[in-house]
Every structure is written in C-alpha cells, then in structure tokens.
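Participant: OK, TrEMBL features for this one:
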- A:20-443: domain 'DUF112' (DOMAIN)
- A:12-33: transmembrane segment (TRANSMEM)
- A:45-69: transmembrane segment (TRANSMEM)
- A:107-135: transmembrane segment (TRANSMEM)
- A:147-163: transmembrane segment (TRANSMEM)
- A:170-188: transmembrane segment (TRANSMEM)
- A:200-218: transmembrane segment (TRANSMEM)
- A:253-274: transmembrane segment (TRANSMEM)
- A:326-347: transmembrane segment (TRANSMEM)
- A:359-387: transmembrane segment (TRANSMEM)
- A:393-411: transmembrane segment (TRANSMEM)
- A:418-434: transmembrane segment (TRANSMEM)
- A:474-494: transmembrane segment (TRANSMEM)
Amino acid sequence: MEILSFLADGVLLALLPINLFLIVIGVTVGLFIGAMPGLGSVNGVAILLPITFLVPPSSAIIFLAAIYYGAMYGGAISSVTLGIPGASTAVATTFDGRPLALKGRASLALVTAALASFVGGTVANIFFTLFAPLLASLALSFGPPEIFALMLLAFATFVGLGGDDIPKTVFSICFGLVLASVGFDTISGEPRLVLFDIPGFLRGIGFIVLAIGVYGIGEMLWTIEQTRGEITSMNPKMTVKGMVEDAREAARLGWRGTTIGSILGFFVGVLPAAGATPGSLMSYGVAKMMSRNPQDYGNGTPDGVAAPEAANNSASTGAMLPMLTLGIPGSPTTAILLGGMVIWGLTPGPRLFVDESEFVWGLIGSFYISNVAALVINLAFIPLFIWMLRMPFTILSPLIFVLSIVGGFAASHSMHDLWLIVIFGIGAFFMRKFDYPLAPAVLAIVLGPIAEPTLRQSLLLSSGDPTIFFTRPIAGPITVIAIVLILLPALKLFRRNRAVVHS
Amino acid sequence: MKLTKRLFLGLAAGSALATLPLSALAEGWQPRRPIDFTIMAGPGGGADQIARFVQSVAEANDLTNRPLVPTNRGGGSGAEALLHLKDARDPDHTLMVTLNSFYTTPIRQEGLGVDIEAFTPITMMGVDPFVLWVHKDSGITTFEQFVERVKEMDGGFVMGGTGSGQEDSIVIAYMAGAYDLKIKYIPYDGGGAVAKDLAGQQIMATVNNPAEAKGFYEAGDFVPLLAFSDERMEAYPDVPTMKEKGHDFSYYNQRALVGAPGMSEEAAAYYREVFGKVYESDEWQKYLVSESLSPLPMDEAQTRAYWATQVQNHRDLLAKIAN
C-alpha cells in the first residue's frame, strides 16, 4: 500500500497548476511533432530540452515526458492520413491505418489509434507502478543471446505468417538486412559497404530514410499509378455521434490487438536496446499471427492499427524503466531524457527511487495524467486531420511529396539522405509492382542493427558455439519458438501437398 | 493606418540599422546566423550530454546572440562529423564537440583525408578519466586479485567495451599487454550498454568513465579497482592508479570544443570568450565535480601542442593494438 500513497502524492504533484499546464502544452506540441513525418519524439525532446531549465527538475521531466507521450499519439496521425509514418514508432500503423483511410474510414483508424494508445499507456503505467524494481532485474538478465533470440522471434512472426509469398518475404528481409549493415561495424570498428565511397554512407542508412522513401514517395507513386490521379479519399463529415460509433467499433474490433500490443510492447520496451519501434512491429506480427483472420491484416483491420499503437505507447513507458532504475536508456528519446536528468543534477540509477522518490513518483504520476490529456487532446484534433484528408488528391499528393522531403531533411540535415529517400521511393514502387512485400524490409532495417551485433557478441561470448542460444534459460525457449514459427509454413506446405496426393 | 504601419516599420528598420554597426564595433566579431554545433557522437552518450549542457548554460546566461544548434553526427566513429567540419561552407559558424575519436578516427581511416592540425582550437572543457570496474558478486576487491583471476581463467575472462580502436579498448589493450593477460573482449555500441551488461553480469569487467558507472557504484553493485588517471581521483580516493602500479600510463577522454578549419581569428576569439564563460560558470564547475571530470585549461598554443602529442600517442597505441 506504500506504493499507492507514493503514487497519490505523485499524481497530486502532476496536478499542480504549473505541471498540468506543462502537460497540456507538452502533449499538444508532441502531438504535432509526432504527426510531422521525419520528426519524432527524439527531435522534440532534444529541441525543447534547453528551455526546461526555467522550471524545477520535476516539472522539466514532466514536460519532456508529456512531449514524448504526445509524439507517440501523433505518429499515428500521418501514418493514417498521409500513409507516411509520422515517427519511426508508427510504421506498423501505416500497414492497416492507410488502407482504412483509403476505404473512407480514416476516422475509425484514428479513433482506434487514440483508444489503443490510451489503453497501452495505462496498462504500462500500472505495470510500471507495481513492478518497477522487479522488471529492472529482468532487463538486466537479458544479455546479447537473449536479445538476439527475441529479434529472431520478431523475424519469425513476419516470415511464419503465411499468406504472403514466402520466398519474396525472405528476399525482402534480406534486402533490408543488407541495407542495415551499411555503414560502420561496431564489432570490428571498420566501415563497410560504403557504397561508391560516398561518405554519407558511413553513417549507415537511417531507418527513417527508408520509411519515408517507401511509404511517402513510393506509396504516392503507387496511388497515382493505380488511380490515374482520380482518387479523392472521401471521408464522411465528422460528427460527435460518428466518433462515438467509431469508438464502439474500435473497441469491438480492436480489443485483441490492443491487449497484445499493451503487454508485448511494454516488455519489449523495458529491454534496453529494443525500444518502441521493434515493440510495435513485433506486436503487429504477433497480433496477425494470433488472429483468426490474418488475411484481413494489411487490408485495413482496426486490430492492425490497435496492436502497434497500443504497443508503442506501452513501450515508451516501458523504456523509461531501465532509464530510471538502471540509468540505461531503452530508446534514443530516453537517452536524451537521461542527459537532461544529469544536467538537472540527478543521478539515474539504482539509487534514484530511494534518493529522489518525490521526483520519480511525480514523474510516474504525470504518466497517468499525460495519458488522459493526450487522449482528450488527440480526440479533439481528429476532425482537423480528417478535414485535411478531404483535400483533392491533386493537392494532397504534392503536399505529401513536400512533407516527405522536408521531414527527411529535418531528421538529419543531409542532402545525401534526401537522394536516398527519392531512390528508395522509386525502388519501392517497383517492388510493389512485382508484388514484393515492403513491410519485412522495413522490419529488417529496424531489427537488423540490433540482431546483428547481439548475434556476434553472443558468438564471441561462447567462442563460436551456437548452442549458447539453446542452453541459456531465457534465450533457449525463445529461440525454439522462433524456429518453430519459421518452419511452420514449410510444414503446412508439406501437408497440403500430401493432401493433394491423397485426393 | 497604412501610413502609421509604414512609419513604424521604417523607424524600426532605421533604429536597427543605427544600432547594428555600433554594437558590432563595440564588441568585435559577432555571429550573424545560427551556429552549427556538431556533436561527434550519437544522442545520449557523454559527448552528447556535454554538448547539451554547454548549450543550455550558454542559453540560460544569454551568452550568444545567435542560437547554438546541436546536431548529432556520430556516424563512422565520428568520421561524419570530421568530414562535415572539414568541408564546412561557413567555418565561422561551425563548431564541434569532440571526444578521442577526434584523434583515432583520422589515424584509422586515412582515406578520409582529415588533418586535425587544421582545425581551430576553441576551449578544453575538461578530460574524462577511465576506471576499471568489476561486479561486487565477483568477489574481486583489488587489482591484484583481478590480475590473478584473469590469469586463472586463461582466456575465459570476458570484458566489454565500445569497440576495437575505441578509447576503452586502448586502455584494455595496454593493461593486457603490461600484465600479460588474455581477455575476451566483447564490443558494444555505447558505454551505457557496457555498464548495463556488467550490472547484469553478462560480462565480468569494464573500463568505463566514472559518469557511466556512477549509478551502479553508488548502489554498491560496482567495485572500482584501478584508475587510469595521473593522480588518485577525488571521488575515489582509495582506488590506486596505473602509475602507482609502476606503469607510466594514463588515459583520458577529451571533452573539447573545436572550430572548423579556416575559422577566422576574430570568430575564434569570440567563441573562446563565450565558452570560457561557460567553463567558468557555476553550472559547469559543479558538473565537473559531479561527473568526476578533471579540469585541463589550456590556451590555443598549448592546445595545438597537446593535439600533436595526443596524435603521436594514439598512433603508437593503435599500432601496439594492431600487433
């Protein structure tokens, strides 16, 4: 019960007028930063960090956490309305959010995203409140072999789904992995695959570059070609009644994805090195795998929006846990928050909960308040974003093009990345024409940079013995499940062939 | 209305014109546009923390008339940042926050064609020492026990670090050479990840900056065994140094601000004054203490001499590792 009284104090602290004001401002700013393609919570938090010195540390981190939260909600908006992921965490949201919008159900997609985000955030907050110290030790027990096993599982959920053409899926994954290995190799400390000796490749190929290219430019080219420019993604006028109905439908059709995303997202978020983007992609894969109608995924099912959105909010709370309890950031954004805490004179780490309990519980309390504020503010803005969709396509498509380029530049300030965006966009268009699934390539470029070093670290640890993935108590079961999932489609194919022979 | 608006604009423009040259005359060179503040590492690491700290001190005390715009260009172990500065279109508005990859990356990747002697020294904000850490559950409490344990395990002792050729690997390689140790070295992509895996006992020892290990040290999880500083560190008075053990070796990560090659003397003088003030601010002095950084103030000529010795030292150390 001690926890509850701490939490009550924390919530009261978050409800102080100045903190409440900062939460509302932070969430709104975050929402728009998140909605802008290319800019995500990392940029928002980094840009606004210096101005937090005007307020006490507990208010400062509440403000930054509110931006972080707002951005997680905001990412879904451009994923749905424009088809470009607003932030890397919202890539999986485009898979089904965009088809829903094209069907004229953008409002359903956005309402689902908002509600799933709220549930995801709240579930994560409850886990956080109750089990923070316990989960910190869980995070520590994940060494390189465990993280690699988890990444293998993520790939397996995408390969083993069936439905899609498996060889093409595998090709797409390999393509993404090759792109992910461009740049600097952590293990050997040498540059590799620096294509044409262009120095820009030393930095590697950013995930956001691929995502904007594929979903911004590529998707736009595809839509233009499919419709000969005659599309106007019509959406009915937004009414309060319509939104209530959407909310009902979202609850009915999206609860499964929300549940999976909330729980899985949190645990992936807690693991340092993983973070919200892998969390949301994995949740999408798992939700699809567990669904009775996997063929609906990718064609616009609310479940496909709910799973990644619940997961990215849940994971963003989860990622705070290793930051606060271990001083280890679970995502790029928490890395900057961590820097902020050091600047404010706090030492994140195992002692923080004891030495600075007011600060920690104030922050946790603010998570709850931010989550409610973000839901209300997000719902209030949905009609505005829907209104944007009613623009004729002839205006919307150049706008998407401009936003892709501006967003790509804002993320890295590099012309090199802009050319890559254009090249990837054209490449993605042709891949789509030849029926190659693009999502696995995007998944690979997100997970590749985590999977590759952890694989090599594990093998260094075991002096090259691959049984390390089977003999460790946590890594073992995960690896086995992943391998079964990868082999499942082959098994199905085998059985189908036998059935054909018998008949 | 139109007339008054125009009049107002005219007055405003006139007064701006009238005051601009005056203030410029009074204070010498002033930045005319936002200042590119390149960080040689990714977000969240030591260099990034320092850059954002410096930026906020400058902002809070209103030290620059144009904002500092921090951008992380950590790619290729800092190669990206070095190239960005080397090819800066506007050297007077381009600064960089460095770490030791400032020395090592040009040596290791000669193809970049970066000559750090051409860069403009601005301010040395401090140097960050390295300390050897083990987990308390290992039972090791002294450096001698550590050496004994490593020898016992004959190649099975696992240490983590931030990659071959990086700062900590240089320290570890020196130590291994001096005591004839066989160590299995696992590279990670940042000091934070290394510290976390020591806390989870995935690895057995690390060479981390105190700032990275401080949280675990205060909680009692980490035990410091040896400092690679010139003298015993104030925060760890009981921890012996490598020099006390009879090896003339110390190693620091530099935390310095550097200007692009070709920066004008006037601009360099302006930035030296601004960041000199940041250095002397209470905020920075407190930061030096809390993060166990050592001060190492030096002027331009001293910095250039320091660079020359550092480049030579790193060339020797890297050559030793390669053999």
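Heads up, the Cβ atoms here are built off N, Cα and C, so glycines get one too.
Note: TrEMBL annotation is automatic and uncurated.
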Participant: Average the pLDDT scores across the domain 'DUF112' (A:20-443) and report the rounded value.
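Facilitator: Taking every residue of the domain 'DUF112' (A:20-443) together, the mean pLDDT is 82.
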Participant: Cβ pairs under 8 Å with the transmembrane segment (A:418-434): which stretch of A:200-218, A:253-274, A:393-411 has the most?
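Facilitator: That would be A:200-218.
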Participant: Which residues of the chain, 6 or more past the ends of the transmembrane segment (A:253-274), have a CB below 8 A from one of its CBs?
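Facilitator: Distant contacts of the transmembrane segment (A:253-274): 112, 115-116, 119-120, 123-124, 127, 135, 138-139, 142, 147, 150, 280, 282-283, 286-287, 290-291, 301-319, 321-322, 326, 328-331, 450, 454.
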Participant: For the transmembrane segment (A:359-387), could you work out the same-chain residues 6 or more beyond its ends whose Cβ comes under 8 Å from its Cβ atoms?
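Facilitator: Contacts of the transmembrane segment (A:359-387) (Cβ under 8 Å, skipping residues fewer than 6 from its ends): 6-7, 9-15, 19-20, 23-24, 26-28, 30-31, 35, 57-58, 61-62, 65-66, 69-70, 72-74, 77, 80-81, 106-107, 110-111, 114-115, 117-118, 121-122, 125, 128-129, 235, 238, 243, 313, 317, 320, 324, 346, 352-353.
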Participant: Using a Cβ distance cut-off of under 8 Å, indicate which of A:12-33, A:200-218, A:326-347, A:393-411, A:474-494 has the most pairs with the transmembrane segment (A:170-188).
Facilitator: A:200-218
Participant: Select the range from A:12-33, A:326-347, A:393-411 that forms the most Cβ-Cβ pairs under 8 Å with the transmembrane segment (A:200-218).
Facilitator: A:393-411
